[in-house]
Amino acid sequence: MDHSSFCPILLFILALVSVTSGCFCDHYPWSSWTFCTKTCGQGSQQRSRNVRYDDHWKKNNCATLCKTHESRMCAVEECPINCQLTDFGPWSECSPCAKKMFRVRSVLTPAQFGGQDCTQSLMEDRSCHPAKKCQIEAVNCKDKFTCDNGTSFIFIFFFSLSFYFYAFFVFLSFYFLYFYILFSFSFYLFVFLSIHLFIFLSFFPPYPFLSFFKCVIYCKFFSCLLVVFSDISLQDSRYFRAHQVIATATFRTKSSDLYLSAPFLEFLNSLPLEYNYPLYRQIFQLFGTHYFASGTLGGQYDLLYQYDHETLTTQGVTEEEARNCIKEEFSLFVFVYATSSNSNRCGTNKKTTSYQGSFVQTSEKSLSTVKGGRSEYAAALAWEKSGAPPDSTVYKDWIKSTIDNPTVINYQLSPLVDLVRGFPCAVTKRRHMARALAEYQASFDSCKCAPCPNSGRPVLSGTECLCLCQTGTYGSNCEKRAKDYTSEAVDGRWNCWSSWTDCDSSLKRYRTRSCSNPAPQRGGKSCEGENRQQEECTISIFQEQNVCINDDDFVTEGDSESELPPGASGCPKPKPPANSYLRINQRQYDYGAHEEFVCFTGFQMEGYQLIRCLQGGTWQEPKGRCIKKTCSRPTVPEDINITPDKKEHSVGHDITLRCADTRKKLQGPRNYVCTSALTWDPPIPPNINCNADVQLFVQDSRCDKGQQHDGSKCVCIPREDCRKYNEDFCVFDPATGSMRMMSFCAFHAGRCHGDKLYFMNDGPCETSEARLDYAKFRASMSEISSVRVPCGSDTCYEWEVCSSCGCITARDCPIKENTYCLNLQWLRRTKKMSLCGMGALKCGGFKFEILNESECESS
């Protein structure tokens, strides 16, 4: 194409562009932003242009090119949640050793998102005058200082405000050469490092009354991280951790060789036999919750470096390069050289060149913590960026000192409850301690916290919830995002555990929780772990009597089975067979006397329940046993109701599961039967739940119930088309002789197809014998009833009135020929009645027998 012809075309195109893109939008200024729709919790603001519809607006296509309305998020900070406490519980009994009474309360709602914290005490005590004397059994440790295999041991006495007991640490190995050095270097975003620490503290809250080792090991490092945690709201940072572990010895404790101290035994003996949480809670506050079962001794050295993420990015430093730089400098410092094919792992960048090649010196902050070793060397290793770093000589001296003064650097814990053995009433008090421990730990569970923004992890510290941010988010509550963070996913977190169910006849109990705090949304991760827990439990007929029970096969204190009082004859108290207790239950029995054993709830007697005291002072062998003949109540989520709701169900009985929220649909079968194998048929799915995706049936108004329009006529709805609808009717099916749940669609479609189905009621079926007996009678007499009145989904017969097909009285029946002869069992006489009168009696629950369908024979 020639240039002379090209120029006019180009000018024409430019003219068109100038016409269509010549609008100056700034000629129409924006209004001010409106007030935020919320003061917190993410609201919105709007603004609009002050448009004048002049020639410039019209001729330059401004309506298309210029935005006339804008909106933005505002007040993204979560609304403050103020701390709320429960009311105080009742005062405990007066402790004979402490001479005090206690009462406690718990955190109902922790403070969060800047809300007001609770400063009030969770426990109160007051002086009292005990009714019992403080007694304690002496423990003789004279011959306890030997090992059965000849292994030498070190005796250590732990004494602190929070832990009183003697412990024997048996050393299984010892490292005498140039120490066994465990070297590791790890890259941590802040969240990963802090999550490890805070998870530990969420299970073992950082209070001074807890076990001392929590403070010894973690307090120094925790105080350092509090500084780091306070800075996380100011900027988007990256954290790198250099970690050195010196292992000098390993140990384990033998529970049989642990001897409880006098203060601990004194407190145990002062605890009441009845469960009292304030008093049993005190033992965990004074002595802790766990003890060392095994572990490693030595030393540990940590360095934490903080870098501004944006600065690293703008200066071209990748996270991999940062890791290599710090690792190289730290390796040279401790004289542990790591082999690598790449000799220049750090490289050259703006940050290293500005500090004579030291990448560590460019960090925003540097914090160090030292555990183990002599205090003078540990203090010399402590370093912050403001000062000069220690040299390698100081580090070597500290390593040597860890063998003389090691600390616990790794360990396995066991519950303190496990040590409560071998003293009076140990079983009773151990059960109460286990119950109190579960209640105590639940009070520090982060499940009480509200969800954090941007899938932050909530942790409970005292009475306040904090949010630990994941990578790419920051702020006091993780409400801010880095520029490259675009995820909209919401990770799921667990709600608190439900209460434990009662101990069933299989000696098990259950509890559940749901992943709904919050539920996973927009592709977020689901909760890790189980939604259901099961544990073994005990059934005791003495539960309300708080009997003192020892470790020797649950024998009641002072009530031996095998011994008679001095000078007495006859038989001592027998041991009842499994799953039973003694009805008479006395200390001494005369020759020829009988005792009866009674089965626990949920068990039935098979055989003979009586045993006799023989002349030789022994008991006759039992000829009966208690066996389980019931199905235990199934464990289902809290939003599912069970009808009938009983702890035990006999063989052949059925239950119905139903969502508490009628707008939801049960995902799984509704009806289950207790089989002779004592299992539910069909098996109840472990993941059964209620789903909100429920379809509502809409009856075609052009047709009768159970029908749909097909072309020009109404036809019965296919039965299979009704399976997707919620089953909310109780229906009697004469073909099976039982009641079952059906949907509105299935019930009326079935009747349309000719099925003999009888409406019983809305909602779950009432499975009483009287209800089932009346349903059978009603179905058998419906065909000969002269009255059939439609009543909603039901049909009323001549002995019923259509308010809800309720019963009428026999005297309200019309006078008709008497066609039935009845034997009225409660009157012990015969009487002739009409169908209406007979139906009214049956509906009212009266029992009778139909003798014949004619006049009664005169006697």
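From the backbone N, Cα and C atoms, a Cβ is placed for every residue, glycine too.
Candidates considered were CYS626, CYS631, CYS722, CYS730. The record in TrEMBL pairs CYS674 in a disulfide bond with CYS631.
TrEMBL lists region 'Disordered' for one of the ranges 515-535, 557-577, namely 557-577. Looking at CYS548, CYS626, the record from TrEMBL puts CYS599 in a disulfide bond with CYS626. Around CYS631 (disulfide bond), the same-chain residues six or more apart in sequence whose CB sits under 8 Å from its CB are GLU648, HIS649, SER650, VAL651, HIS653, CYS674, THR675, LEU678, THR679, TRP680, listed in sequence order. Using a 10 Å radius centred on the Cβ of CYS674 (disulfide bond) and all shown protein chains, the other Cβ atoms total 21. Within the same chain, residues at least 6 positions away in sequence whose Cβ sits under 8 Å from that of CYS626 (disulfide bond) are PRO577, ALA578, ASN579, SER580, PHE597, CYS599, PHE600, PHE603, GLN604, MET605, GLU606. Here the domain 'MACPF' (93-448) has a mean pLDDT of 64 out of 100.
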